[in-house]
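Taken from TrEMBL, the feature domain 'MHYT' applies to 16-209. Taken from TrEMBL, the feature transmembrane segment covers 20-40, 52-74, 86-106, 118-137, 149-170, 190-213, 225-250. What TrEMBL lists as domain 'PAS' is 264-304. Positions annotated as domain 'PAC' by TrEMBL: 334-384. Sequence annotations record features per position, and here TrEMBL assigns domain 'GGDEF' to 416-548. Positions annotated as domain 'EAL' by TrEMBL: 557-809.
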Amino acid sequence: MQTRRYTQMHHMHGTHDLPLVALSFIIAFMASLTALDIARRIHFSKGWQRKLWLLSGSFAMGIGIWAMHFIAMLAHQLPVPISYDVFLVVLSVVVAVAASLCGLYFTCQSKMNNTKLFIGGLFMGLGISGMHYIGMAAMRGVHITYRPFFFSISILIAIGASIIALMLAFRFRESEKGISSRAKLISGMVMGIAIAGMHYTGMVSAIFTPVHQGTGVGASSDIDIYAIVISVAISTVVILGIMLVISFLLDRRLNEEIAFKGAILESVLDCVIIIDRNGNILECNPSVIRTFGYSREDILGQNMEKKLFSRSSLNNTDSSPSLTSNDGKLICDTRMEVTGIRRSGTEFPVEMTITRIKKEGLPAFTVYARDITEFKETEETIRQMAYQDTLTGLPNRRLFNEYLTESLKEAEDNKTLAAVAFLDLDRFKLINDSMGHTFGDLLLKSVAERLQACLGTQNVVSRNGGDEFTIILKDTTEQEAENTAKRIIHSLTRPFYLEDHEVFITTSIGLSMYPKDGKDEETLIKNADTAMYDAKEQGRNGFSFFKPENDMKISQRLQLENELRMALERNEFVVYYQPQLNIHTEQIIGVEALVRWVHPERGIIQPNDFIPQAEESGLIIPIGNWVLRTAIAQCKKWQDNLFPLKLSVNLSALQFKQPDIVKMISDILKNEELDPSLLNLEITESMAMHVEHSTEVLRDLKKLGINISMDDFGTGYSSLGYLKKMPIDYIKIDRSFMSNINYDLEDAAIVKAIISMAQSLNINVIAEGVEDEEQLLFLQNLQCHEIQGYLLSPPIPAENLEKLVTQPKAAMQFTKTNSTVATEREIEKSTR
């Protein structure tokens, strides 16, 4: 069906083909949808992809607008033959693409204000108008004039439509939805009508007058209009369709990725929170809801610091870091501990890390948070068991050593004196055996209370074990220390009333003064212990100050140091090896290298008799380095001739502090051509106190492929939290815990806690000092599969170890009796 529009008098009138008009509107609609979707693609792209979308999108959008215009022109049929100037037609296409490029360029801007919107709409509208009127000028066979009013209206409509298009494109570019969005479809329709409206308003302004037709290009009588329409329409639909299909496929792929990442986010046990640069919560996973107790609606849009964390924990202190630096920016890629607060108001410790999300537009951040309540409780429980005497509540020997270190440092800084008192109870064993262990425990508790009452608040008393106690007297004089000892003796002389019994005990006290009797913890305690035995020899129930050693003992120490230096030159040191066993496979998996001194006159000297002197004189460094080289060379021989055995070697504190320790070990491994994974370096907890330096050295050693073991775990002063920071592969349970686990519940509990904590941190555990099958069964039940001790073998020379390793498996069964173990221990003590 056609409609007819009449012109004035001699002017021609034409008709519109309604199907073609409808087709022009459809193409305008598709071009608008493409423009909106491409604006979104450009916004979320970057680099060369952004430029590619801008250029290809401008081409597709321009072709779409031009095709709408061209088909609409063909829909307007005149009674005279019409042809078209090819150059002007092509020029109109170029103008349409340029106008689209201008519009899409403005939608790429990070911010849009009214000025930019008007300027962009003006240029784009003028471009579309230019495209339209250049296309009209391409018509041959008619003379066209325009009515000024409608001509102006058409340009204003073009500018207005362009402003609307830019505004909608800028609005929808942030949308993560695809082209099926209802709002976007409606917006596309509005844009399509506005763009088409400009064309038809322009056509209303046109006045067609016939002219003489010469040799024009493509007269209407020679051209099938519908063939041209079909060609243009199909080409345009294909171009726009390709763009929309690509966008659809990319959206589907993006949605699949989002769904996949969302599934991962849902399954993560840790709390994951997405925040903006101001700390406002944009998204969170279900773990946040479970951990903090809020609903999702309660926290979205809220400030994370104010809503989920205690303000008292977010200040600039060493113990409670802030989430922001001094310049107000969030601290990223740093693990920190803060205090979380649940909806109920309860506080709990949280480990948190913030990372920046790489995206266009405003920055966003991902917060990874974990409730570490259980870990902290376990850490505190182990600390209490390891540093506190469970019977009396007093500090134990390990914590006492820590307090003593601090006290001596204070005394040195303040130039004051300090004293160490060592005491035990006379006749306690008789009371304990006759009255029972329960009664003995009650007596020890009462003694602890009286000792605390005798001391000032700045002094510390600890229980070493059994009936032995040690005391630190800070900022004191020898006379004041004597008065304190007398006060203790008088207090303990008074009767104890326990369970309807009146009990009398006495005590012997030894005293050593800092710095006169020693400048380090070990020396002061040893000298106080020596002085206590002097007090006992003087008749008990008294005290004695340490008496300096005579010149002979001093000369003996100097002689020992000289002989140590000569021992290195004379190669008097040998290395023994104590095997380590996997009790699950019953296979020897490694050895620990232990040094022995074969003195030409005194025979084999025990390490306890020369190692302290070597450490004090600094000779432990060359001795330790020699042991390391010798043991690695021996391990290489086993690797070549027997089979690979893991080698454990102790590093002393002085060795560890060598600036070239990593290079030295690396050179030894290269010279001996030993696989670094076979070497296990053992360090002590006290060496890990300087966390930053120790961690750096250990990580450098780990880069070589070496394993790291924490030796004598539980006996040092370091925080258990260091295990998270340091690259530790093994924890070695100290023999002091293992020796009493069969009858000391406290030591058994400590061993259980250490194994449990190590397993939760994926750290291997090896127990040393395993001497009987009951200890072996205890460890098996706790899933601790690696042991070292006399139950398997004492430290032995390399050739003896080779015989042991090559025994048939049946010979590796643990059938040794306690008496055999005890015999081996005595042999070992005499041959160390």
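These residue numbers are counts, starting from 1, taken along the chain as shown.
Note that Cβ sites are derived from N, Cα and C of the backbone, with glycine treated the same way.
Outside the domain 'PAS' (264-304), and at least 6 residues removed from its termini, the chain residues within Cβ reach (under 8 Å) are 323, 330, 340-344, 357, 362-371. Helix, strand and coil counts under DSSP for the domain 'PAC' (334-384) come to 12 helix, 25 strand, 14 coil. Broken down with DSSP, the domain 'PAS' (264-304) shows 16 helix, 12 strand, 13 coil.
For the domain 'EAL' (557-809), the mean pLDDT of the prediction comes to 86. Counted with DSSP, the domain 'GGDEF' (416-548) comes out as 59 helix, 40 strand, 34 coil.
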